[in-house]
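Chemist: Below you will find the structure I want to go over with you.
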Amino acid sequence: MRRYLVAGNWKMNTTRATGEELAGALAANASAEEAGVEVLVCPPFPYVSAISEKVSGSAVQVGAQDVYFEAGGAFTGEVSVDMLKDVGCQYVLIGHSERRHVMGECDETINKKVKAAIAGGLKVVLCVGELLSEREASQTEAVLDRQMEGGLADISESDANHLVIAYEPVWAIGTGVVATTEQAESAHDHLRKWVAKHYTAAFADQIRILYGGSVKADNAEALLGQPNVDGALVGGASLKADAFIPIIDAARKLASA
Ligand SMILES: O=C[C@H](O)COP(=O)(O)O
């Protein structure tokens, strides 16, 4: 059985103090490792170190929101895989829609980042998802195929073992317009079939596929209850403990059912 992953992407939010307070509440809530659920927070770069210390000794893991593919050198503004590991990251988000559509990141760059992160020992959450215009033009599956092919080019199955996929329809991110359970399940099923076709059926059965886009306490259980939805990548609702913990609780409930 796949273990749920509930991840909070804080984006460019929190102060050091509010981030530490939030992390402290999550650490208290997830004080011990749980069989069915894994919890992850992805703070802004400047706070990663402080948040790692705050959750140390709890079951909460820490990830970064991006990484650069070079190991070091003259790359102003960028951070390397080793730097992230040095400050306590186990995971990194790569290819988030805001990186793709606001910062203009392309699949080739995303692929380099995925390779560097896995080679350096980080687990990767690769984000994919279509724009509203692409969904309306019935291109959702073609867009997902293109992003998977580009992002995972020349990545072996043993490397892909360190990978989680996050399906995040761009039109659902930060809008309050959540995908229906049918829309989410259909996209996740398509992504799992893509993995089966490009790797193996056994591997496709194991890989976790998260849903992201306006996940809240009141829709989490229905989304996470879909057969191919293995967790959530949560933005806005991950910024307050009393909004995020009920989403973790929904995963706990389903995992123990
Ligand atoms: O990474 C998280 C997603 O972009 C979802 O954000 P949201 O929960 O605020 O819609």
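Cβ coordinates come from backbone N, Cα and C, glycine included.
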Chemist: Have a look through Ser31, Ser156, Ser214, Ser256 and flag the one TrEMBL assigns to the substrate site that Asn9, Trp10, Lys11, Gly174, Gly235, Gly236 belong to.
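Modeler: So the substrate site in TrEMBL includes Asn9, Trp10, Lys11, Gly174, Gly235, Gly236 plus, from the candidates Ser31, Ser156, Ser214, Ser256, Ser214.
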Chemist: State the Cα to Cα distance, in Å, between Trp10 (substrate binding site) and Glu168 (active site, proton acceptor), rounded to an integer.
Modeler: 15
Chemist: Which one, from the recorded positions Lys11, His96, has the smallest tally of other C-beta atoms lying within 10 Å of its C-beta?
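Modeler: Sparsest of the recorded positions Lys11, His96 by Cβ contacts within 10 Å: Lys11.
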Chemist: Out of Asn9, Ser214, give me whichever of these binding-site residues has the highest number of other Cβ atoms within 10 Å.
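Modeler: It comes out as Asn9.
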Chemist: Tell me which binding-site residues (Trp10, Lys11, Gly174) have a Cβ under 6 A from ligand 1; sequence order is fine.
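Modeler: Checking each Cβ against ligand 1, the ones under 6 Å are Gly174.
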Chemist: For Glu168 (active site, proton acceptor), which of the listed binding-site residues (Asn9, Lys11, Gly235, Gly236) have their CA atom within 10 A of its CA?
Modeler: none
Chemist: Tally every other Cβ atom lying within 10 Å of the Cβ atom of Gly236 (substrate binding site).
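Modeler: Result for Gly236 (substrate binding site): 20 other Cβ atoms within 10 Å.
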